[in-house]
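Step one of this worksheet: look at the structure below.
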Amino acid sequence: MPKHLLIVESPAKAKTINKYLGKDFTVLASYGHVRDLVPKEGAVDPENGFAMRYDLIDKNEKHVEAITKAAKTADSIYLATDPDREGEAISWHISEILKERGLLKDKPMQRIVFTEITPRAIKEAIQKPRMIASDLVDAQQARRALDYLVGFNLSPVLWRKVQRGLSAGRVQSPALRMIVEREEEIEAFITREYWSIHAECAHPAQHFSAKLIKLDGQKFEQFTITDSDTAAAAQRRIQQVAQGRLHITDVTNKERKRRPAPPFITSTLQQEASRKLGFTTRKTMQIAQKLYEGIALGEEGSVGLITYMRTDSVNLSLDALSEIRDIIARDYGTNALPDKPNVYTTKSKNAQEAHEAVRPTSALRTPTQVAPYLSNEEHRLYELVWKRAVASQMIPAILNTTSVDLAAGNEHVFRATGTTVVVQGFLAVYEEGKDNKNAEDDDEGRKLPVMKTGENVPLERILTEQHFTQPPPRYTEAALVKALEEYGIGRPSTYASIIQTLLFRKYVDMEGRSFRPTDIGRAVSKFLASHFTRYVDYDFTAHLEDELDAISRGEEEWIPLMKKFWVPFKELVEDKKDSLDKTDAGSVRLLGIDPTSGKEVSGRIGRFGPMVQIGTVDDEEKPRFASLRPNQSIYSISLEEAIELFKMPRVLGEDQSQQVSVGIGRFGPFAKRGSTYVSLKSEDDPYTIDLARATFLINEKEEIARNRIIKNFENSQIQVLNGRFGPYISDGKLNGKIPKDREPASLTLEEAQQLLIDTGKPARKNFSTKKTATKNETRKQTTKKRTTDAKATKKVSDKPVKKQIKKRIAPNITE
């Protein structure tokens, strides 16, 4: 029987480690967090030292039971969850559960950490156990408590003032503000015209282009020429003076070094995977998790291919450095090796939480060697990690930049530049991606012919080119992660979840690979920026993150931080609940006056989303409403465009003695005849669609509906229907199976009723009714961690919890 129990977070990791440790160990997975705050008000109690009440997570109950069962027979227990705050908290929760159940009285329980899943790393960790780091646990608990208090208290204010079902998060909201402010910059941007002038030179050795840098003796700047007439006049003056040639006045050669980027940390891995591979942050972390936990490599079995992927550290272990340097010498020559390893400095004060950068566990496993065992996406990400780590330990690239000035007379000067690689260095392996290219990037790789001062170069022609200034680009995932990192908002473990939350809550949409805020997102951001300014302030959020870091290092206590945050936050929430109306909330935009009725026209967030409205609730007549068309926004729609929307519904005519009309509803454009509604196709415009097309769509839908019904029964709700997976029986509430050996159309009512009794399942999924009263709750106290007594546990009854879930937790408490 195994003597030791080792607990990790994922089953894949458990499988890999179990292979390394052998029969003396049982390796089990917790499947992530095992407990969370109880889903009801008071889960964090500011009046009682911010005591926190926990509940087992439903889906992980069986895994906790498996761990408990194994712990009873084990001689010792090792907690081997991830080497960061979340991992430390999971270990603490597991230890508390086992302690509550009386399983730690006579056996040692220790914490071990490792940043790679290799036999050496696992065995070394077991030889160097430690106690659970209470500072890391405190930092995680403080973060969780802050997120709960913000979400639980701020989200209901959004429900009342903006729209039901919305949520606000401590870190999510500043990230949303970034995206919204960028969109406002884009909308406010005024395009300016400007012109550039180029000389096409016909050098005998090679044709090349040169850009005008001086016109009429003055420096040529971006807006020196802003119209075509001025550009054409300048072109004529230069051509007249040049007389078919340009005179070389200066040739400059300059060498510069480009140093390799450090090995990946979480944020740079996410940014590069977005730029080079087109991966979302979520996909990057999911694939990296698989590579970290273990991939089956044929006879070698399951092997962890990369180190832990949630890290702020750019350090590499001595063993890793030695192996990487051996690879460089073998594959790229000793000339590609620096005299000593390249050392990089991390920006994060907390990089000690996870001790290494993201790197291959063994550089000897080249991307080519492991390719047969990896999916295409896994291979591409592994290759990225491998190349970045290897390149980080190579010599700099040496680039030579040549700059040539060519004059037309004494008043006009052009400049040609080119950059060539003299020594490849790390560029032989890897080149870092960029979000936006600049002029230097355009010159790179461009060679110029050998030229000397005093020579003349034949001029082929002078070209003018029109340009327009461009607004700042929307944030891509890579750019947003970079901005969050630069502001100090969020941490490696949270970037992907921040983005996922914004998308899930429909506060932003993806337009191509860029974020565009939705009207709901803009309304939420505007409301928070106007009335909870401090709590979406970038510096405030970053400072709070720094204080959480300080707690994790043991430099600050978590209770004083909670008090400092909670007292003013609570006062502000209470004030705003009663003092604001929807106009103050920023979800209403006045557009002007309707010329027909003389009433006010506004854009606003309604119950079902963005809409426009004619009139107000104070008018004698009820206000009229109209939904927006796709790609319209209440923040940019004009008065004329809004009034156009009220032409809906349009009556197209009659068909089958019934009126046919089109309109725009909460789910988009539709056509209607009698009681039959059908959504318009993407190519159909509700403002131009004709009667023939609308009736075709309606008839098509009715034909499909007729074919769906195989059999009706007189005086009964039961029908025999065609479904996605074949024929079935339904009474609208239950769906039942039809035996494969029965002809659906031949079923009698009695047979159908019996089949519903025997095989019927709810037509719609119901919420889980699993009881929670028997679960353990614990509190995290200011002075010590202890379990609640039996009476406290019994207070968490079934019905109040479910009621609270429905009424209060719907906002989703997020960062």
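Yeah, the Cβs are placed from backbone N, Cα and C, and that goes for glycine too.
What Swiss-Prot says about this protein:
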type	residues	note
BINDING	E9, D82	Mg(2+) binding site
COMPBIAS	774-801	compositional bias 'Basic and acidic residues'
DOMAIN	3-119	domain 'Toprim'
DOMAIN	133-573	domain 'Topo IA-type catalytic'
REGION	167-172	region 'Interaction with DNA'
REGION	760-815	region 'Disordered'
SITE	H33	site 'Interaction with DNA'
SITE	R143	site 'Interaction with DNA'
SITE	R144	site 'Interaction with DNA'
SITE	D147	site 'Interaction with DNA'
SITE	W159	site 'Interaction with DNA'
SITE	R310	site 'Interaction with DNA'
SITE	R505	site 'Interaction with DNA'
The domain 'Toprim' (3-119), counted residue by residue under DSSP: helix, strand, coil: 47 helix, 27 strand, 43 coil
Distance from R143 (site 'Interaction with DNA') back to H33 (site 'Interaction with DNA'), taken between C-alpha atoms, in Å: 15
Residue, out of the recorded sites H33, R143, R310, R505, whose Cβ gathers the largest set of other Cβ atoms within 10 Å: R310
In three-state DSSP terms, the structure that R144 (site 'Interaction with DNA') belongs to: helix
Secondary structure of W159 (site 'Interaction with DNA') (DSSP, helix/strand/coil): helix
Local Cβ density at D147 (site 'Interaction with DNA') - other Cβ atoms counted within 10 Å: 20
Per-residue Cβ crowding (10 Å cut-off), top of binding-site residues E9, D82: D82
Cα-Cα distance linking D82 (Mg(2+) binding site) and D147 (site 'Interaction with DNA'), given in Å to the nearest integer: 21
Listed recorded positions D82, R144, R505, filtered to Cα within 10 Å of R310 (site 'Interaction with DNA'): D82
Per-region confidence, the domain 'Topo IA-type catalytic' (133-573) (mean pLDDT, whole number): 92
Nearest of the recorded positions (E9, D82, R143, R144, R505) to W159 (site 'Interaction with DNA'), judged by Cα-Cα distance: R505
Spatial neighbours of R144 (site 'Interaction with DNA') that are distant in sequence (at least 6 apart) but have CB under 8 A: L37, M52, A89
Pairwise Cα distance for R505 (site 'Interaction with DNA')/D82 (Mg(2+) binding site) [Å, integer]: 28
